[in-house]
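Worksheet: the structure to be examined is printed underneath.
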Amino acid sequence: MQETTILILGAGAWGASLANLALANGHRVRVWSRRGTETLAALLEDVDIILSAISMKGVREVASQIQSLTPSPETIFVTATKGLEPETIYTPSQIWQSCFPNHPVVVLSGPNLSKEIDQSLPAATVVASRIATAAATVQLAFSSSRFRVYTNPDPIGVELGGTLKNVIAIASGVCDGLHLGTNAKAALVTRGLTEMVRIGNCWGAKTETFYGLSGLGDLLATCNSPLSRNYQVGYQLAGGQTLAQILAKLPGTAEGVNTCQVLVQLARQQNIVIPITEQVYRLLQGEVTPQQALDELMLRDIKPEYN
């Protein structure tokens, strides 16, 4: 395998996990963080891949900083951030592509809980790009006997799968926190996936992408693991804590909280029916209790499963 120089943006749990995967494959790895002492300008020198694992709120600022430094035209950008920009409703890859229109941008997303990756437990992920050679380069850089990487030509679908499932994960935490049982959980995850597909189709994503690792796979992992911050938000809301109390002690960012608000705004503009997401939004806003949100979902007008 050809040795590659990779710059990881973000020294949080996910950034550190990805850095370790690349190091284990023999690549040269540099890590940038806001608290670090090295400048972006110094770290960018002779870099082949720039991988962003920063939180959604920092993406545009960091992309703009790198834009001003004029990276090599051969540099591949990879985004492993899951979220939406509130002002533009852009995904992370759309922000990177708008800043670097002549560079390949690759999305990395899948059912990847960083703690399990760090324990070398087997996992799989997806790298997606319109530029097949760029996706293949990233695939080779991160694939190993414990981390299987697939390519996909639908970057927006792969990216939205990882982003939209965070909202359903909050609902899943509520479901478990209220002890609603396996039947309710199965119904919630399945109907949540339907909402993800509806929103994704509006964006031009392929339906089948949502039934792959970055959609259903990530949804199942996040909705069933206490390791998920979004799941924890829902679980603790069901336990009677306020959103402010939960976020104050949460390690890291629960992107689903911000994503939910953006999705509801989009759905109302585009007339997309997303009842689970709507109830999560109302719960986060303090407009309903977890039990009231459940009742409103169960008492909706009856209808066919598929329109």
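Glycine is no exception: its Cβ is also placed from the backbone N, Cα and C atoms.
When Swiss-Prot records Trp14, Arg34, Arg35, Lys82, Ser114, Arg229 as binding NADPH, the matching candidate from Glu195, Glu208, Glu255 it lists for that site is Glu255.
Of the residues Gly26, Gly36, Gly110, Swiss-Prot places Gly110 in the same sn-glycerol 3-phosphate site as Lys82, Lys165, Asp218, Ser228, Arg229, Asn230. Taking Cβ-Cβ distances under 8 Å and a sequence gap of 6 or more within the same chain, the neighbours of Ser228 (sn-glycerol 3-phosphate binding site) are Leu113, Ala169, Gly173, Ala221, Thr222. The Cβ of Arg229 has fewer other Cβ atoms within 10 Å than any other of the binding-site residues Lys82, Lys165, Arg229. Neighbour counts were taken at the CB atom with a 10 A radius for the binding-site residues Asp218, Glu255; the maximum falls on Asp218.
Most Cβ neighbours within 10 Å among the binding-site residues Arg34, Arg35: this distinction goes to Arg34. Long-range Cβ contacts of Asn230 (sn-glycerol 3-phosphate binding site) within its own chain (separation 6+, distance under 8 Å): Asn166, Val167, Ala169, Ile170, Gly173, Thr222, Ala254, Glu255, Gly256, Val257. Counting every protein chain shown, the number of other Cβ atoms lying within 10 Å of the Cβ of Trp14 (NADPH binding site) is 22.
Arg35 (NADPH binding site) sits 28 Å from Gly110 (sn-glycerol 3-phosphate binding site), taking the CA atoms of both as reference points.
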